[in-house]
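Participant: So that we are looking at the same thing, I have put the structure below in structure tokens.
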Amino acid sequence: MAKLLYENEINTQVLEGKKIAVIGYGSQGHAHSLNLRESGFDVVIGNREGKSFNQAKEDGFAVYPVAEAVKQADLVMILLPDELQQSVFEESIRPNLKDGAALAFAHGFNVHYGQIQPPSNVDVFLAAPKGPGHLVRRTYQEGAGVPGLYGIYQDYTGKAREIALAYTAGIGSARGGVLETSFQEETETDLFGEQAVLCGGATALVKAGFETLVEAGYQPELAYFECLHELKLIVDLMYEGGLENMRYSISDTAEWGDFVSGPRVVNDETKARMKEVLKDIQTGEFAKGWILENQANRPKYTAIKNAENNHLIEKVGRELRSLMPFVKNPIQSEQKDVKVNVTN
Ligand SMILES: NC(=O)C1=CN([C@@H]2O[C@H](COP(=O)(O)OP(=O)(O)OC[C@H]3O[C@@H](n4cnc5c(N)ncnc54)[C@H](OP(=O)(O)O)[C@@H]3O)[C@@H](O)[C@H]2O)C=CC1
Ligand SMILES: CC[C@](O)(C(C)=O)C(=O)O
Ligand SMILES: [Mg+2]
Ligand SMILES: [Mg+2]
């Protein structure tokens, strides 16, 4: 088994007395900053003025324009959207990095695809929690943590690995275990996971199941419960004890259906498509398309997002969840301007 490291094996002294600038106070940014502060580290925030800037202030941080935060930092963690990192880096980060500082990323996209070429006089590492930022925060508050990856791209000071590990401990990832990787491996597997399984694969499966039932004349509310609501309960069982634990809790009828019908839906053809998705990630084709989409102001992204928000499963879901007060949405209720663009 690969070597995972845990809190009790990590020495965090290397970050004592050092100033950490977290650049970006969004999903990952707020979680890293709050967790690091509660782990005893000295954190300042760099953000443009606006919603996140104000939130970070409200949360008690010293908040600066990006350039000012970078100037004072011994460690700069870049938690800006991937598609904006290159321009902010060239304008406000590169010119202000201290000699011997550490530059960190939570995803290797920009370094791996050559969008950011770090200067040679800094350490460069990856500290990538394997989970959404709001859960990185929530699990930390619960005394647990989201497992993470660390990887060294450049070791200028000779301490890059020690610093990276201390950082993963500070955000709570070392409670779940941290695994060494490279920027290439993290970037390619993270993109594959989110596209083929966790986000793209899961939403496509849920929607296809919902549509199949509704088109066959079944009630949309029932189809929502069956294909989306209950999925969380099933995945919780997998999270807690693997496929075996989920199969222990379901009926034998369901388990037999799982064995014989699952492979009829997700089969060799699906796997061949997954391999195509992976190939596009490995060759840089996906990255190129995403960079161009942003340069064009996201026409396809915006059209698809609007259509998705207006899908029947979303309309039915909003109504049903409003009738289930125990289904809390702490993430969106903490945001003042939820980005749901619903028509009709
Ligand atoms: N989301 C996740 O859970 C995960 C993300 N990652 C990686 O973490 C990084 C951050 O992603 P994520 O947390 O989703 O990003 P978000 O979009 O949630 O947050 C981005 C933050 O950057 C700020 N920002 C945007 N533009 C600028 C700018 N020009 N100058 C200064 N600040 C700016 C935003 O502030 P404002 O309010 O002003 O827009 C916001 O606070 C990415 O590399 C991503 O791949 C890795 C693992 C999981
Ligand atoms: C699964 C999506 C993710 O990779 C993540 C939360 O880990 C992301 O980029 O947001
Ligand atoms: Mg991820
Ligand atoms: Mg990702």
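Cβ atoms are placed via backbone N, Cα and C, with glycine included.
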Participant: Besides Tyr25, Gly26, Ser27, Gln28, Arg48, Ser52, which of Gly114, Gly131, Gly133 does TrEMBL list for that NADP(+) site?
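Facilitator: For NADP(+), TrEMBL names Tyr25, Gly26, Ser27, Gln28, Arg48, Ser52; of Gly114, Gly131, Gly133, the listed one is Gly133.
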Participant: Which of the three DSSP-derived classes (helix, strand, coil) applies to Gln28 (NADP(+) binding site)?
Facilitator: helix
Participant: Using a Cβ cut-off under 8 Å and a sequence separation of 6 or more, which residues in the same chain sit near Arg48 (NADP(+) binding site)?
Facilitator: Pro65, Val66
Participant: Output, ordered by sequence, the same-chain residues six or more apart from Gly133 (NADP(+) binding site) with a CB under 8 Å from its CB, or 'none'.
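Facilitator: Set apart from Gly133 (NADP(+) binding site) by at least 6 residues yet with Cβ under 8 Å, we have Gly26, Ser27, Gln28, Gly29, His30, Ala31, His32.
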Participant: Of Gly26, Ser27, His107, Asp190, listed as recorded positions, which ones have a Cβ less than 6 Å away from ligand 3?
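Facilitator: Within range of ligand 3: Asp190.
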Participant: Give me the Cα-Cα distance between Glu230 (Mg(2+) 2 binding site) and Ser251 (substrate binding site), rounded to a whole Å.
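Facilitator: It is 15 Å, counting Cα to Cα.
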